[in-house]
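Below is one structure, written out as structure tokens; comments come after it.
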């Protein structure tokens, strides 16, 4: 068991910090917003709830939800133009502070790369530091499925990405920050996990995370000490 003060020290000395995106870096769940935009909100948000609670394997839940939504390329582009995701208060300052300290910041999401890259651009995070699912479209722009080879398409995918980052960049300390069970499961291989409940509180995470925050100000404060 790592003590709270050890966790704080680990966060402050990390050479990489990985953030979940939906309900962590942004206030919304991207897939639910896409479903709402495409007119199938209720059915899809119930599936998301089950997936986040760990009741359904991630890839199966993603396949089912996308089969309902059937988003076209144009719908995704219009969603970003008309209803762009809202950054969670404090995240811009936190990411900026980490980058000033030469900490690598990554976004690891079970959501969609087109949405996550839009978020990354707002935070000055290079697209090479984004790991998310890729939607596939036919040449006419209609939905053609998703890239099932991406690690983020699987249960345990976030842990696979972190393992890959350690192998590639030889990071000594990686911290994962997120709201969901899939984020908590990424530690290990992450060296520490910080639960985030600023947008939605998932009881399983709140009960089991050694360090649980509801405001990014707390992490900013730890860096300033």
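Glycine residues also receive a Cβ, built from the backbone N, Cα and C atoms like all the rest.
Among the features that Swiss-Prot reports, active site, nucleophile is placed at 20, with the record citing similarity to another entry. For residue 20 (active site, nucleophile), applying a Cβ distance below 8 Å and a minimum sequence separation of six or more within one chain yields 107, 108, 109, 158, 176, 177, 178, 179, 180, 182, 183, 196. Taken residue by residue with DSSP, residue 20 (active site, nucleophile) is part of neither helix nor strand, so it is coil.
Around residue 22 (active site, proton donor), the same-chain residues at least 6 positions away in sequence with a Cβ under 8 Å from its Cβ are 28, 29, 30, 31, 109, 110, 111, 179. Feature annotation from Swiss-Prot assigns active site, proton donor to 22; the stated evidence is similarity to another entry.
What Swiss-Prot records for 20, 21, 22, 109, 110, 111, 158 is L-serine binding site.
Feature annotation from Swiss-Prot assigns Mg(2+) binding site to 20, 22, 179; the stated evidence is similarity to another entry.
Annotated O-phospho-L-serine binding site per Swiss-Prot: 52, 109, 110, 111, 158, 182, in sequence order. Look at residue 182 (O-phospho-L-serine binding site): DSSP puts it in a helix.
Cβ neighbour count for residue 182 (O-phospho-L-serine binding site): 24 (other Cβ atoms within 10 Å of its Cβ, all protein chains included). Swiss-Prot lists 53, 182 with the feature phosphate binding site, giving similarity to another entry as the kind of evidence.
Feature annotation from Swiss-Prot assigns N-acetylmethionine to 1.
With all protein chains in the displayed structure included, the most crowded Cβ environment within 10 Å among the binding-site residues 110, 111 is that of 110. Under the three-state DSSP scheme, residue 111 (L-serine binding site) falls in the strand class. Other than the site residues 20, 21, 22, 109, 110, 111, 158, same-chain residues with C-beta atoms no more than 8 angstroms from the centre of those residues' C-beta atoms, the L-serine site, are 24, 30, 107, 108, 116, 132, 152, 178, 180, 182.
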